[in-house]
Amino acid sequence: MTVTPALLVILDGFGYREDSHDNAIALANTPNIDRFWTQYPHTLINASETFVGLPRGQMGNSEVGHLNIGAGRVVFQDFERINQAIASREFFSNPVLIEAVNKAKAGHKAVHILGLLSDGGVHSHQDHIHATIEMAVNAGVEKVYVHAFLDGRDTPPISAKPYLEKLEQACASIGGGKIASICGRFYAMDRDKRWPRVEAAYNLITDGQGEFASASALQGLEAAYARDEKDEFVKATAIAAAGEQPVTMEDGDVVIFVNFRSDRARQLTHALLDPDFEGFNRRRQPKLAGFYTLTLYDKAETRAKPIFAPVEIRNTFGEYVAQHGLKQLRIAETEKYPHVTFFFNGGEEQVFAGEDRILVPSPKVATYDLQPEMSAYEVTDRLEAAILSRKYDAIICNYANCDMVGHSGDLSASIKAVETIDTCIARIVKAMESIGGQMIITADHGNVEQMRDYENNQPHTQHTTNQVPLFFIGKPATLAAPGTGSLCDLAPSLLAMMGLKQPPEMTGKSLVAFQAA
């Protein structure tokens, strides 16, 4: 079967905002992207809120974005499913959750609740932590401990205080539960196998051993701020009142990990469960009575039981292309590799027939403002070679820079990230045009176009709800009007570019209307 080669380039975190103030895209020198606005058909599409299966007002994120893109339909997210379950009180009759708390109660053991404490809604939500505490306490569990990972990435960099205050108020209102430890997500939620970071969180959670100790979570936070540590980077701090010993994780205890997004929860889960773990030397591995996760983190990790089972997504773009016997490529650097593979394939680890993957290692730096080009040039080299090989019918590529550097809150570095992308993307457009291929350049959500939080007068490090631009390079065509399309329309658009009919499971619509020859 012969098709026109199609390429989707996802500029992660590249949103659209007309105001140029604190807008890294507007402030960057981007001769190529500037040219795209005048030379190629373009539009704006939606990448947040209900358009991607999230609640109103909720910013999009990379996991949600790639899931919707690959599915070709709006995928209602775990975040919203869990919110609805709590609102309807079905959460408190969930049989897996009942099993978890009953195991702890039967053995007079503790429930340890692990999770990112914020209202960011990207990896977790504080309401889910509060509901889990309520469930455990009302079931009669006497020892309910919260190990709170502080955000500052999907929320303002210095914003943890009200979340800790609200958690303490919730515990008081419920009549049980206490904060056992705090640390920044930089340590507890690493996803790049930087094991010394995870080790710090592991030792804190299992042995109550941190770099610091404090009589209360709020005092521990203030001490971290005095050390010039923003929320994301708060060092491991054990919380124990005067005369008390820090909380430790004992044999027979139960763990409930309440992050609903899997990618940054897997490594810590692996460290706590895997008897053959080799990331670092564990002082000990508690023999837990049960380990429960709010959603499925890893099908291969059968020792962890999901509270909310995954919803199967059939006939994703990758699966459908494979059914037609076509060749496809997924390429990204480490930070976004799971997104163009696992999430793009509907949350499936399976590699489809004819699907190749290229992983380019991300640079080993503490934060990406230190190296804003990341591995974009290496990704471009590999992508350009793949295009010119004429081997692939469909290619999905992600450039991580605008999102990962944008999360640092450093405007100067973010401008450099945008300029790097501008240089790289020009090479890719040239390569695709040279083989007669067609391509879409767009984003999965916004970030780098808003680098200042004016309300809190501090750097803006989280995603935005802004629309994202879309450029089409190919045969003469017109695009859907700005604001009428969304991420779920990208897979149908790619199939139309390839000359394939979309499957009935895809309810999105092609954004590209080709002009008659």
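Each Cβ is built from the backbone N, Cα and C atoms, and glycine gets one as well.
The active site, phosphoserine intermediate annotation in Swiss-Prot covers SER62. If you take the C-beta of SER62 (active site, phosphoserine intermediate) and look for same-chain residues 6 or more apart in sequence within under 8 angstroms, you find ASP12, LYS336, HIS339, PHE343, ASP403, ASP444, HIS445.
There are 27 other CB atoms within 10 A of the CB of HIS445 (Mn(2+) 2 binding site), with all protein chains counted. For the recorded site, HIS445 (Mn(2+) 2 binding site), the DSSP three-state label reads coil. What Swiss-Prot records for ASP12, SER62, ASP444, HIS445 is Mn(2+) 2 binding site, and it gives sequence analysis as the kind of evidence.
Per Swiss-Prot, substrate binding site is recorded for HIS123, ARG153, ASP154, ARG185, ARG191, ARG261, SER262, ASP263, ARG264, LYS336. In the three-state DSSP scheme, ARG264 (substrate binding site) is classed as coil. Under 8 Å, Cβ to Cβ, and six or more positions away along its own chain, ARG264 (substrate binding site) finds HIS123, ARG185, MET189, ASP190, ARG191.
Per Swiss-Prot, Mn(2+) 1 binding site is recorded for ASP403, HIS407, HIS463. Take the CB of ASP403 (Mn(2+) 1 binding site) and look out to 10 A: across all protein chains shown you find 29 other CB atoms. Following the DSSP three-state reduction, the secondary structure of ASP403 (Mn(2+) 1 binding site) is helix.
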Sequence-ordered list of residues in the chain of HIS463 (Mn(2+) 1 binding site) that lie 6 or more positions away and have a Cβ within less than 8 Å of its Cβ, or none, is GLY13, SER48, MET59, GLY60, ASN61, VAL122, ASP154, ASP403, HIS445, GLY446, ASN447
CB contacts under 8 angstroms to HIS407 (Mn(2+) 1 binding site), restricted to the same chain and 6+ apart in sequence, sorted by sequence, are ARG153, TYR368, ASN447, THR461, GLN462
Among HIS123, ARG153, ASP154, ARG185, ARG191, ARG261, SER262, ASP263, ARG264, LYS336, which the record lists as binding substrate, the farthest-apart pair of C-alpha atoms sits at a distance in angstrom of 18
